[in-house]
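**Student:** One structure, as structure tokens, below. Some questions next.
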Amino acid sequence: MKIKIICFGKLDKAFYVDAFNDYFKRLKKYVDLEIIELKEEINGELNKIKDENSNLLLKKLENYKDFEKIILDVNSKLISTENLVEIIKTNLNYKTAKILFVIGPSDGYSKSFLNSFTNKFSLAKITLPHQLCRIVLIEQIYRVFKIINNEKYHK
């Protein structure tokens, strides 16, 4: 299975990098995981910034037409680990099992971007820093594969 995570910016604190790398290494035995980091536009009027970042995402997503896309958005439906297990299990049954998660820019997506996708979920009802969101997501993906493979999470 291939999983890609598109996000804005880089992990810039050692503790985030360490946590992320730990889960990344653990996941290698289950999945081909790739992180795609985009440069976020941060200067200008809010709606213009949202449009520019959303357009950048749309252009990047054109390269992944055969992936199931899941947009992470704090205002969308809350997803549970069990929901994520079902999504990944369902995709594992396809020959071309490919999922792409999108962690949006810090100011959010444009309305038109959000309206063009049906798979939108929130990892929490609290606002997470984007770097922490990336770690929570990769940890949940790791947890899902432990569940799918009937393996203990804590050793």
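A Cβ is built for glycine as well, from the same backbone N, Cα and C atoms used for every other residue.
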**Student:** Going by Swiss-Prot, Leu72, Leu123, Ala124, Lys125, Ile126, Thr127, Leu128 bind S-adenosyl-L-methionine; tell me which of Gly44, Gly104 is listed for that site too.
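**Tutor:** As annotated by Swiss-Prot, Leu72, Leu123, Ala124, Lys125, Ile126, Thr127, Leu128 share the S-adenosyl-L-methionine site with Gly104, chosen from Gly44, Gly104.
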**Student:** Out of Ile126, Leu128, which of the binding-site residues is least crowded by other Cβ atoms within 10 Å?
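**Tutor:** Sparsest of the binding-site residues Ile126, Leu128 by Cβ contacts within 10 Å: Ile126.
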